[in-house]
Amino acid sequence: MGSFANGQNGSELGIQTPATGSNAALEPPTTSAAAPRCPRLGMAMVAARAAALVMALLSVSLMVSAKQRGTLAIFGIEIPLYAKWSLSDSLQSLVGISAAAAAYSLAQLLSIAHTALKKAPVVPSRRYAWMLLAGDQVFAYAMLSAGSAAAAVANLNRTGVRHTALPNFCKPLPRFCDLSAASIACAFLGCAFLAASAVIDVIWLSRL
């Protein structure tokens, strides 16, 4: 140390010192924060999306199988009836939106499985979490809207039209009405599970 006091520089001793005013050697290397894994939250996300997929598939399969023939007696006249989901615009919309929601849920489950194989976080970034939140809300509202429209048609078939001679169509067509009601119930349950997925997305956003 006395060599520095005698005016000798550090290069003569084989020592290199940082330049004056530079903090490069004093600052620790910066690393980007990794996304949290949250295994319990990831399991809840998988369960909610799997349930939404099952409900959407059930809604489609039940509605597609809803068709029946029967006869209706009005003023003693036998009128042949044929009921099928494709004859109603509202029921067609329910089938289409439920199929789209099933495809969306399946795609998300496959994405989660892919990230699990790579041992990466289920939700790697805030941007991805925002995309999930937007998709979940869109399909939840779409299924709610389609289910409500289909429920109005099913209720009209079951109660008939008041102040007219049109009676309850579900009496001669019980199978069609029961399958339609079950399909609509599954659609509402699928909407609920998609809404639960949206809540889980919000929790992910709060932790990223």
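Cβ from N, Cα, C; glycine included.
Sequence annotations record features per position, and here Swiss-Prot assigns topological domain 'Cytoplasmic' to 1-43 (among others) based on sequence analysis. Model confidence over the topological domain 'Cytoplasmic' (1-43) stands at 54, taken as the mean pLDDT rounded to a whole number.
Annotation comment: Swiss-Prot describes 1-33 as region 'Disordered'.
Residues or ranges marked as compositional bias 'Polar residues' by Swiss-Prot: 1-11 (among others).
Here Swiss-Prot flags 17-33 (among others) as compositional bias 'Polar residues'.
The feature transmembrane segment is assigned by Swiss-Prot to 44-64 (among others), with sequence analysis given as support. A Cβ distance under 8 Å defines the sequence-distant neighbours of the transmembrane segment (44-64), meaning residues of its chain 6+ beyond its ends; these are 85, 91, 94-95, 98-99, 101-102, 105-106, 108-109, 112, 122, 143, 179-180, 182-184, 186-187, 189-190, 193-194, 196-197, 200, 204.
According to Swiss-Prot, the feature topological domain 'Extracellular' maps to 65-92 (among others), an assignment based on sequence analysis.
Distant neighbours of the transmembrane segment (93-113): 42, 45-46, 49-50, 52-53, 56-57, 59-60, 63-64, 85, 122, 132, 135, 139, 142-143, 145-147, 149-150, 183-184, 186-187, 190, 194; these residues of the same chain sit at least 6 beyond its ends, with a Cβ under 8 Å from one of its Cβ atoms. As annotated by Swiss-Prot, transmembrane segment applies to 93-113 (among others), with the evidence given as sequence analysis.
Marked as topological domain 'Cytoplasmic' by Swiss-Prot: 114-128 (among others).
Annotated transmembrane segment per Swiss-Prot: 129-149 (among others), in sequence order. Residues 56, 90, 93-94, 96-98, 100-101, 104, 108, 123, 184, 187-188, 190-191, 194-195, 197-198, 201-202, 204-205, 208 of the same chain lie 6+ residues outside the transmembrane segment (129-149) yet bring a C-beta within less than 8 angstroms of a C-beta in it.
Marked as topological domain 'Extracellular' by Swiss-Prot: 150-183 (among others).
Annotation source Swiss-Prot lists N-linked glycosylation site at ASN157. Sequence-distant neighbours of ASN157 (N-linked glycosylation site) (same chain, 6+ apart, CB under 8 A from its CB) are ALA83, ASN168, PHE169, CYS170, LEU173, PHE176, CYS177, SER180. Secondary structure at ASN157 (N-linked glycosylation site), taken from DSSP and collapsed to helix, strand or coil, is helix.
Feature annotation from Swiss-Prot assigns transmembrane segment to 184-204 (among others).
The residues of the topological domain 'Cytoplasmic' (205-208), classed with DSSP into helix (H, G, I), strand (E, B) and coil, number 3 helix, 0 strand, 1 coil. Per Swiss-Prot, the feature topological domain 'Cytoplasmic' maps to 205-208 (among others); the stated evidence is sequence analysis.
Remote same-chain partners of the topological domain 'Extracellular' (65-92), defined as residues 6 or more beyond its termini with a Cβ less than 8 Å from a stretch Cβ, comprise 146, 149-150, 152-153, 157, 165-167, 169, 172-176, 179-180, 183.
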